[in-house]
């Protein structure tokens with residue numbers, strides 16, 4: 001998609017909003033990383049205060065995808081840090097959305113990738129490898145499924161059942 005704003009996508013697709021095929025996440029995320037505008041097909045992950053599976057995904061080739069992590073909204077530790085974000089950037093991920101915290105904010109902000117998270121937190125996550133991959137998740141009041149499309153800019157984050165063009 002060319003650089004079209006999320007507001008333009010909403011204005012051009014009122015029927016998709018009514019049908020629920022186009023949904024906006026509640027505006028609870030802070031913006032990190034140098035890429036403020038990003039989009040791509042969604043890969044979902046559900047974890048809680050554990051970042052082993054997050055790191056495993058970001059070690060794979062991203063191919064322009066967006067990793068959406070339901071971290072349970074925990075504000076007790078960071079489940080994403082600078083090293084995995086650098087790896088994600090180098091592996092071609094378009095972005096990462098975390099329903100949880102990040103750390104190494106200065107390092108993340110130096111990366112050419114889009115990152116959204118609830119807040120920064122200095123404590124690191126557990127390393128148990130517990131979680132669920134490619135499952136439907138609900139974050140910021142919105143159900144998100146593997147394979148849907150995410151569009152993010154400074155106005156917010158949209159989820160669509162299909163790739164959109166305006």
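Glycine is no exception: its Cβ is also placed from the backbone N, Cα and C atoms.
Those TrEMBL annotations? Automatic predictions, nothing curated.
Under the heading substrate binding site, TrEMBL lists 81, 82, 83, 84, 103. What TrEMBL records for 104 is Mg(2+) binding site.
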* Do me a favour and check the Cα-Cα span between residue 81 (substrate binding site) and residue 104 (Mg(2+) binding site); whole Å is fine. => 5
* Which whole-number value in Å describes the distance between the Cα atoms of residue 83 (substrate binding site) and the residue listed as 'Mg(2+) binding site'? -> 8
* Would you work out the biggest C-alpha to C-alpha distance among 81, 82, 83, 84, 103, the residues that bind substrate according to the record, and give it in angstrom as a whole number? => 11
* Asked: For the substrate site given as 81, 82, 83, 84, 103, which other residues of the same chain have their Cβ within 8 Å of the site's Cβ centre?
  -> 78, 80, 85, 86, 102, 104, 107, 108
* Asked: Once near-sequence residues are set aside, which residues in the chain of residue 104 (Mg(2+) binding site), 6 or more away, have Cβ atoms under 8 Å from its Cβ?
  -> 81, 82, 83, 85
* Structure fact -> CB contacts under 8 angstroms to residue 84 (substrate binding site), restricted to the same chain and 6+ apart in sequence, sorted by sequence, are 51, 54, 55, 58
